[in-house]
Amino acid sequence: MGRLGYWTLLVLPALLVWHGPAQNAAAEKGTPALNIAVLLGHSHDVTERELRNLWGPEQATGLPLDVNVVALLMNRTDPKSLITHVCDLMSGARIHGLVFGDDTDQEAVAQMLDFISSQTFIPILGIHGGASMIMADKDPTSTFFQFGASIQQQATVMLKIMQDYDWHVFSLVTTIFPGYRDFISFIKTTVDNSFVGWDMQNVITLDTSFEDAKTQVQLKKIHSSVILLYCSKDEAVLILSEARSLGLTGYDFFWIVPSLVSGNTELIPKEFPSGLISVSYDDWDYSLEARVRDGLGILTTAASSMLEKFSYIPEAKASCYGQTEKPETPLHTLHQFMVNVTWDGKDLSFTEEGYQVHPRLVVIVLNKDREWEKVGKWENQTLSLRHAVWPRYKSFSDCEPDDNHLSIVTLEEAPFVIVEDIDPLTETCVRNTVPCRKFVKINNSTNEGMNVKKCCKGFCIDILKKLSRTVKFTYDLYLVTNGKHGKKVNNVWNGMIGEVVYQRAVMAVGSLTINEERSEVVDFSVPFVETGISVMVSRSNGTVSPSAFLEPFSASVWVMMFVMLLIVSAIAVFVFEYFSPVGYNRNLAKGKAPHGPSFTIGKAIWLLWGLVFNNSVPVQNPKGTTSKIMVSVWAFFAVIFLASYTANLAAFMIQEEFVDQVTGLSDKKFQRPHDYSPPFRFGTVPNGSTERNIRNNYPYMHQYMTKFNQRGVEDALVSLKTGKLDAFIYDAAVLNYKAGRDEGCKLVTIGSGYIFATTGYGIALQKGSPWKRQIDLALLQFVGDGEMEELETLWLTGICHNEKNEVMSSQLDIDNMAGVFYMLAAAMALSLITFIWEHLFYWKLRFCFTGVCSDRPGLLFSISRGIYSCIHGVHIEEKKKSPDFNLTGSQSNMLKLLRSAKNISNMSNMNSSRMDSPKRAADFIQRGSLIVDMVSDKGNLIYSDNRSFQGKDSIFGENMNELQTFVANRHKDSLSNYVFQGQHPLTLNESNPNTVEVAVSTESKGNSRPRQLWKKSMESLRQDSLNQNPVSQRDEKTAENRTHSLKSPRYLPEEVAHSDISETSSRATCHREPDNNKNHKTKDNFKRSMASKYPKDCSEVERTYVKTKASSPRDKIYTIDGEKEPSFHLDPPQFIENIVLPENVDFPDTYQDHNENFRKGDSTLPMNRNPLHNEDGLPNNDQYKLYAKHFTLKDKGSPHSEGSDRYRQNSTHCRSCLSNLPTYSGHFTMRSPFKCDACLRMGNLYDIDEDQMLQETGNPATREEAYQQDWSQNNALQFQKNKLKINRQHSYDNILDKPREIDLSRPSRSISLKDRERLLEGNLYGSLFSVPSSKLLGNKSSLFPQGLEDSKRSKSLLPDHTSDNPFLHTYGDDQRLVIGRCPSDPYKHSLPSQAVNDSYLRSSLRSTASYCSRDSRGHSDVYISEHVMPYAANKNNMYSTPRVLNSCSNRRVYKKMPSIESDV
C-alpha cells in the first residue's frame, strides 16, 4: 500500500494541475466535458505529452463537447498493479473512458480489464498487447472492447490460407486453453458446410499439465502436412518442441497458428520452427499512435451520439472503491453507442462480443532469419498472399530437404497453357485443371501486387500432369510475372528462363522454344511439339467487280455469242427465210394471201435474242423449213448457254475474301515494305525466339517491325482483325491453333501453316538438374505410346481447319449486283443520248442525209440503191433534176401537184378546156359551192349557187354532247377541212387517150384496209379484164344503215381480216370480236331528225339532193350507233343490201369474190383496154394469182381455187407508172429499178412519189361515148395487161376492224400480241356516224362552182407541231365527219344502170380524187363514194395520183410514218 500511495502522490498533483483549468473553461462555456484516460506501458517509445497531443483542435472540430485527455505511462502491468492504477486514476480525475495498451502477450491483462469494466461500467478499449488478446468468455455486463479479431475470424483466415495453396488435408491440435471448444466447433462446422474438399484427418486435444510422453503419443497420430494449432504461447513452445522430435517440422509440414500463439512479435521462442505461419493483428501497418487516435475517436464519437440523443453523457466515476457486489446497471451507458462507429472514414464498429467487425489481420511467417515476415493480408473479407508458391523453409539444420516437391513456372499461351478463374461456388479448380497462382499488380508505379489463385489447363499442363505421375514428383505451379518466355536484357534473363536460371523455379513448362542462346544457361528436354516460325494474316471482305455478272463466260465467249453466233445465225435465218418459197418474202404458195409482212434481218436478230434469254417478247417466227431447222438448233444452243450461265453466276456474285499472299520471311513485302501503298505492316511479340531469329537473320526487317510489335498474341489477333496490322509473325504451333479456333475463321496462316526455321518446344530445367533424364524418357514414352498425338488432336486442332471446304452462303448485297445496275444506268444514259440525237436528226439533219440540202441522192438512198444494183446487176442512172419540181422533199412536190388541181371551173365554164385550165382555185371560189352527189354507178357533179343556209341541227343530232372533243385532230394545212373520199374508178377517154375520167358514186365499200407499199408484189396490182352486159335494173336497198370503214383513201384495198401487221410489231393491234358477228346488228340509237343527219352548212339544194338519194336502189347506207358511250369502240359494220341484180350479168373469174354468197348482186364494170398502152406489159405467169379485195363481213369464205387467169411476161415495168419496159426478165416480186421517160423527166429526187405519176388528161369525149367505147371493148372477159399504181407503205396500217365473220378454213395472219382477242376498247376511232342514202337526182348534172383546193393532200402523217396531232380530233372535226369510200372498190366496178339517172359523168381532172367544195361560209360536206380502177399509163405520160389525208371524213390517221427512210 505504501508503494501505491507513493505513486499516487506523485501523479495526482500533475493530473489536477492539468485537469483543473480545462474543466473550469468548459464550465464557463456551458459545454459538457469528456475526460478520457490513456494508459500505456513504459516499453513503448512514446511520452505522455505526445499522447496528449494526439488529440488536437483538428480532431475536435465540430464536436458538441470538450475532450480532455489524461495520459499515464505504467511501469508494471501485473493484475494487482493494473487494478490499483485504474482505481487511483478514477478517484483523482473522474474519467468517462479508458484507452489501454501494454507490451505483454499475456491474456490475463484482457481478463482484468474485462472485470474492471463490468464493475464500473466505464468503456475500456484494449488496443495493444495482452489487452487485445483473445478472450473465450466475457462478462455479460462488460464494456470492454478490443482491437483484435475473434476466434472465429482468425479460424476463417487460417482456412483461407490452406484453400489458396490447396492444402485440403489437415489435422487440428489444441489444448484446453479457454476458447478451444469454440475453435474446434467452428472448424468442423466450416469444413462440413463447405464445397471445398476439405479432409480433416485428426483432432487432437492435448493437456500440457501431464508429462511429455503422452503428448508425443498424441502427436504421432498426425499424418497430414498441414496442422492447425490452437493454444497459448507457452503451450505452443512445448508442443512444437515435441513435434520437432517427431520430425513434424520439416519441409513438408506447415504449422498454422492464431495470434494467441504468436503473441508479441518481438518475442520469438527458439522452439518455433522456420516457416511457422501465424494470423496476427496488423502491427506493421497499424501503429500504436494510430490505434490511440482511433480509440479516442471512438469514445468521442459515441459520447457525441449519446449527447445528441439524450442531451447528456454519463456521469464520471469518482472511485472504484465501495462498489456493491452486484452494482446496478445504469439505464443508458456510453458503450451502447460504441457498437456502430465510423471515424475518420474508417469503419471502427464492434461486435456484441467486443471485437472489431472488420479487424486488420495479416499473415506472417517466421522466415529463415527467424523473423516474422508479413506475407499476406486479410482485408474486406479478401486474402492476398505474397508468394505464388509457398516457400519451403529449412526449419532446423538437422532437417533434410524434400527434393520431390518442385516449383514450376509457366506462361499463359493458348492452347499450351490456358488460365481460368476458380469456380466461384467451390472456390477451387475444377476437374482437369491444376491450381496456379498469378501475380496481379495493384500499383503499377510501385509494382505492388498480389498473387491470385487461378486454374491452369492446356496441352503443356496435361503433359505436366502425366510427368508428375510418371516421374513421381509434386509441384507448385505459378505464372511468370512479366509474361515473357525469356530474353537476356542487360545480362539479366527475364521470363521463364530467368526464373529457372535464378533458381526461383526448378522447371519451366510451356510454349518455350529451344534455341542456342537459351541452351547455354538452361537444360532443355527433348522437344515434345514441332514448331517454327509462321505468318498469320487476316481475311478481308473482298469487293465484287461491277462486271461480275459477265464473268461466268470469258470475253471470247461473249464475243462469239453476240458478234459471231448471233449475227451469223441471224443472217442465215434471214437468208433461208428470204429465199424460201413459203416464207414471208415469197408469197408463192397456193392460197397464200399476198402482201404479207416481211421477215427482215432485224426480226431474225430479235427472234434469236428472245430465244437465248427466254424472254416472252413478241417475235415473228419463220415459215421456211430450212430457217425453222436453223432456229431449232439455235434454241437448243440457247438452252445450254443459259443453263451454263446460270450455274456459274452464283460463284462470281459472292464477295471473294482477300488474303495477303506472303511466301516467307524473305518475301518482298517483308524486306521492302515501303514499296507498297500503304506500307506493309507486320510485327511479332518481343523477347522471344521469333524476334531473335529475325534480328539475327534480317536486321533491316527487325528494325522496321519494332514499331509494330505486340504485347501478346491476343493483342496481335485484335490488331489483325481491326486492320492495324497486316501480318503477324510468331510460333507456328500457336498461330495454327489460333487460326483453327478463330471466331468467324477470319485468320489464316500462309501456306496452310507453312513453317520457317523449324524447331520445337521443350521443358527448361536448371543447369545440371537431376530431373532431366527422367523427364526425357517420359516424354519419349508419351510419343511412342501415342499419348502425345492424342493431346495434339485434343488441343491443337481447331474447328476452322475442319470447315475449310464448307461453302458459306450469304445474302447478296447491293455490292454483288452493282454491275447490273451500272449496266442499266449506262443503258439509260445511252438511251437519253440516242433520244436527243434522234430528235436532232429528225428535225435538223435528216434533210441533208436524204439529199435535200445538196439536191443529190441521200446517203441512205444511195446505199440502198447500190446494194440493190449489186444484187440484181442493174445499172443505176443518175436522175436529172426536174425543172418542174423545185420544192424540198417529195411530200412538198406532192403538195405542189395537189395545188395545181385547183383549176376547176363552175357549171358555166365546165368544159373540157376549162377543166384543164391551169387557173388557180381562187378564180372560181366565188362561183358557188360544190356538191358531189353520191350516186350509185354514176358520177354526177351537181352544182348550186351559194346561198345562206343555217343547219337546224348538228350532224350528231341529240347525241352531240356525247362526242369527244380533241385539241388537234387535223393537219395544219387548210386542206384538212375537205373531204377526200378515196380512189375513184378511172377510165381513159377514147377521144383523148391522155384524159383520165373519174366516176363519182355514192356507194362506199366498207371492207378495205391499208397496206404497205414495198411489201406488195407488182403482180398483185394487175387485174384481168372482164366482159359484162349492161344492166340497169337493181333492187332497192333496205332502210338499214351500214357502217363504213375507217381506212384512209391513201391506200390500195386489201383484206381486212388479213392485216399487214408483222408478228413482231410492237404496236398494239386492234381487233373486233370475231365471235357471234354473223347475225349481229348494231342498234341504232341516234333517233334524231333528218336535218341532223346532214352537215350543218349544206345548202337546200344539197340537202334536197342528198335526201332524194335515199331511195336509190344502188345505195348502201352506213349506220352507226349514236347513243354509244364515247369509248371509241368499233362496232361491226352492217350492210343492208336489197339490190336485185339482173340475171344476164356475167361475172368474170378475175373479179370473182372470195365469198360466193356475198356481193353477187353487184356487177363489175369491165375497163376499156384500148387506152392502155404496152399491152405486153402484164405478166402471164401462173405463179401470180390475183384476187379482188372487196369482200367484207360475209365474203371471207370463198376458196382460193377460183382464181383469175395467169399471165406471163419477160419484160419489166416502170417503177413509177407501171408501164412496160423491155429487156427485163426478173421476178415481179422485186421492185423494178427502171422508170419510163415520163417518170424520169417529171419525177423528183426519190422514186417514192409513184402514186402521183398520173397522166395529165386532155379534152375528154362525152360521157356517153366514152362509156360506150369502154363497154363495147370489154365483153370478152379478158382484161389484159392492166397495170396498177403503187401506193407508198405507211406505218399506220396496223389498226384492224373487228375481224369479219370469215371462213375459219382460210387462216388469217397470226398475231402474237396479248391483245389478240381484245376488243378495240378505248380506241380513238370508235365513234362513227350514220349516213342515210339519198335518192338519185336523175341525170341532172350540175357543175362544180369552184375549183379544187390543193391543200387537201398531206405531205406527211407526222405533224410539224405538237398541236397538229392527226390522232386527235376536235368537236368541229366531228361535225364535219362524213362517209368515206370503201378502198376495196377500185378492184371492182358496178355495172352501169340503164336508167336515165344511171349514167356516169366523166370529168377530166388532174387528180383521181373527188373533192367537196368549200365556200366562205363553212364546210358543205357531201357523202361521196369513189371508185378508182387500177390503170396502166402510156409511156412518157405523167399521172397524178391522190395521196389523201381526209381529216373531214370518218377515216382516221391510225399510225405515224416513222420516217422517210422507211420507204427507202
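Placed from the backbone N, Cα and C atoms, the Cβ positions cover glycine too.
The signal peptide annotation in Swiss-Prot covers 1-22 and rests on sequence analysis. As annotated by Swiss-Prot, Zn(2+) binding site applies to His44, His128, Glu266, Asp282. Per Swiss-Prot, the feature disulfide bond maps to Cys87-Cys320, Cys429-Cys455, Cys436-Cys456, Cys745-Cys800. Per Swiss-Prot, the feature L-glutamate binding site maps to Ser511, Thr513, Arg518, Ser689, Thr690, Asp731. Annotation comment: Swiss-Prot describes 601-615 as intramembrane segment. Taken from Swiss-Prot, the feature site 'Functional determinant of NMDA receptors' covers Asn614. Sequence annotations record features per position, and here Swiss-Prot assigns region 'Disordered' to 1021-1083. The compositional bias 'Polar residues' annotation in Swiss-Prot covers 1023-1032.
Structure coloured by features recorded in Swiss-Prot.
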| residue | record | contacts (Cβ under 8 Å, 6+ apart) |
| --- | --- | --- |
| Glu266 | Zn(2+) binding site | none |
| Asp282 | Zn(2+) binding site | Arg360, Leu361, Val362, Lys377 |
| Cys429 | disulfide bond | Asp166, Ile422, Asp423, Pro435, Cys455 |
| Cys456 | disulfide bond | Thr410, Glu412, Val417, Ile418, Val419, Glu420, Thr433, Val434, Pro435, Cys436, Leu477, Leu479 |
| Ser511 | L-glutamate binding site | Leu411, Glu413, Phe416, Val417, Cys460, His485, Val529, Thr531, Asp731, Ala733, Val734, Tyr761 |
| Asn614 | site 'Functional determinant of NMDA receptors' | Ala638, Leu642 |
| Ser689 | L-glutamate binding site | His485, Thr513, Asn515, Arg518, Asp731, Thr759 |
| Thr690 | L-glutamate binding site | Thr513, Ile533, Thr684, Ile729, Tyr730, Asp731 |
Cys800 (disulfide bond) versus recorded positions Cys87, His128, Cys320 - nearest by Cα: His128
C-alpha spacing of Cys87 (disulfide bond) relative to His128 (Zn(2+) binding site), in angstrom: 21
DSSP state at Asp731 (L-glutamate binding site), helix/strand/coil: strand
Pairwise CA distance, Cys87 (disulfide bond) versus Cys745 (disulfide bond), rounded so that it is a whole Å: 83
Shell list (L-glutamate; ref centroid = CB of Ser511, Thr513, Arg518, Ser689, Thr690, Asp731; cutoff 8 A): His485, Leu512, Ile514, Asn515, Thr531, Gly688, Thr759, Tyr761
Reduced DSSP assignment, Thr690 (L-glutamate binding site): helix
Alpha-carbon spacing, Cys320 (disulfide bond) to Cys745 (disulfide bond), which is rounded to whole Å: 84
Neighbouring C-beta atoms (10 Å sphere around the C-beta of Asp731 (L-glutamate binding site)): 27
Longest CA-CA distance among Ser511, Thr513, Arg518, Ser689, Thr690, Asp731, per record bound to L-glutamate, angstrom: 16
Asn614 (site 'Functional determinant of NMDA receptors'): secondary structure state under DSSP, collapsed to three categories: coil
Sparsest-packed of the listed disulfide-bonded residues (Cys436, Cys455) - C-beta count within 10 angstroms: Cys455
Assigned element (helix, strand, coil) containing Cys320 (disulfide bond), judged by DSSP: coil
Where Glu266 (Zn(2+) binding site) sits in the secondary structure, as DSSP reduces it to three classes: coil
